[in-house]
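Following: one structure in structure tokens, then a few remarks.
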Amino acid sequence: MSGFVLAIDQGTTSTRAILFDGQMKVAGSGQKEFAQHYPASGWVEHDPEEIWASVVTTVKAALKNAGKAASDVAAIGITNQRETVVVWDRATGKPIHNAIVWQDRRTAPLCQKLKKQGLEKKFTRKTGLLLDPYFSGTKIAWILDKVKGGRKRAEKGELLAGTIDSFLIWRLTGGKVHATDATNASRTLVYNIAENAWDDELLAILNIPAKLLPQVKDCADDYGVTERDLFGAEIRILGVAGDQHAATIGQACFEPGMMKSTYGTGCFALLNTGSDLVRSKNRLLTTIAYRLNGKTTYALEGSIFIAGAAVQWLRDGIKVIGKAEQSGKLADEADPTQNVYLVPAFVGLGAPHWDAEARGAIFGLTRNSGPAEFARAALEAVAYQTRDLLDAMRKDWKGTSAKTVLRVDGGMVASDWTMQRLADILDAPVDRPTILETTALGAAWLAGSKAGVWPKAKEFAKSWALERRFKPEMDIATRSAKLAGWRDAVRRTLSA
């Protein structure tokens, strides 16, 4: 059997398809961006049809670029932007509304209402999550409430709902399979992570009929086969994981205590806690890292909504840079005597604050502040927010030592300046791997190992290779002063 495995990486701003060969090297790829829709303040939507078209286009491009046919591919692994939801017609496969994206804040009033009813502890105890618009459950409820006839059709069994992976699986299999994996399910706010099942009580609170939801499977499992006429041959779908979980796998963080952080649009740090379902006392999330062979591995997660998006804001919003790649060079030119802080709460603050009403702010500006100081503040904000997460993780999990090593991936980690500043602020080594396509690699490994053409976990972990380790160089006094300034800036940004 061929060792070629195709990863579909459906992200927030673009879709990528990457074909890996039997040595787990990239053989071909395709990428296509798609539109972001902002129908109201705090609202973010995607057109599911555009996402679907981007998947078909990029898969064909990856195969063409590699000079391979669909019949050469042993399996497909899917990884996706999490929490983003689609509700579609069971008969036609047509969405009844645009996908509501993970960044969307429209359900903040519903979350506040549920909090006032004293329900947050119940949701947290069962799902490991907090009552925040970030998660899928309230988004599904909103669509059913706001789309004409939505609730009635849902009760009659005419509709299906799911995260992006479920919608893609449904389309790829020609409507034969409605499924998701445990990691995506764990982000919905209605999945009991201790019992590994949809929670009837939480579904009732949000008035979501269980019949809408997909079957939950292991991350490496049988998700059906693609329709022959899509790519010219049937391809088995054997792996599915949310993007951050796939990155955890791609970084070979299989042992308790191992930690990875992905720096893309947002920043997401996951700490493997093994079979230990840790209840955070510091406003972190408890989530499923992955589920393999029926065994669940848990993680603590810190979610930061704005990381690379702050650099996009520098480029597209205030236009102080022409290209995102210029940010590190510009930051290096900043006046070291200026203490400018950017708190990038453009859509609220994530962990560990979880303040949906907070908004972005800049502190410490002087007449001499310019593009360089803005660039440095944007990049340093990523490091400061990661430090907040690491501190919370160290408080929450007894197995976390002060000798943490952070494995990093995502678009921002190509910047040496950003990675060095991250190591300085964390006071911990930061490891950048040789393969930066860790999210796609993780999805491919799930499918390839299930197909029997790629190695099992232990051998796969041995293949992880370090490109560069960034060691802390900042002195204690400077670090302490910078962190104190950051915490003061955050305090002044919080809504209450």
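Glycine residues also receive a Cβ, built from the backbone N, Cα and C atoms like all the rest.
E83 (sn-glycerol 3-phosphate binding site) carries neither a helix nor a strand DSSP state and counts as coil. Neighbour list (E83 (sn-glycerol 3-phosphate binding site), Cβ cut-off 8 Å, at least 6 residues apart, same chain): W102, Y134, F135, S136, K139, T163, R187, T188. If you look up Swiss-Prot, you'll see T12, R82, E83, Y134, D243 marked as sn-glycerol 3-phosphate binding site, on the strength of sequence analysis.
The DSSP secondary structure for T265 (ADP binding site) is coil. For T265 (ADP binding site), the Cβ neighbour count at a 10 Å cut-off comes to 22, with all displayed protein chains included. Summarising the annotation, Swiss-Prot assigns ADP binding site to T12, R16, T265, G308, G411.
What Swiss-Prot records for T12, T13, S14, T265, G308, Q312, G411 is ATP binding site, and it gives sequence analysis as the kind of evidence. On its own chain, T12 (sn-glycerol 3-phosphate binding site) has Q81, T84, V101, W102, Q103, G264, T265 as residues at least 6 apart in sequence with a Cβ closer than 8 Å to its own Cβ.
Annotated glycerol binding site per Swiss-Prot: R82, E83, Y134, D243, Q244, in sequence order. In this structure, D243 (sn-glycerol 3-phosphate binding site) is part of a helix by DSSP. Taking all protein chains in view, 27 other C-beta atoms sit within 10 angstroms of the C-beta of D243 (sn-glycerol 3-phosphate binding site).
Each of G11, T13, S14, G264, G410 belongs to the same chain as T12, R16, T265, G308, G411, is absent from that list, and has a C-beta within 8 angstroms of the C-beta centroid marking the ADP site. Considering only the residues assigned to ATP binding, T12, T13, S14, T265, G308, Q312, G411, the longest pairwise Cα distance works out to 14 Å. Candidate binding-site residues: S14, Q312, G411. Nearest to R82 (sn-glycerol 3-phosphate binding site) by Cα distance: S14. Counting only residues at least six positions away in the same chain, the Cβ atoms of Y263, G264, G308, A324 sit under 8 Å from the Cβ of G411 (ADP binding site).
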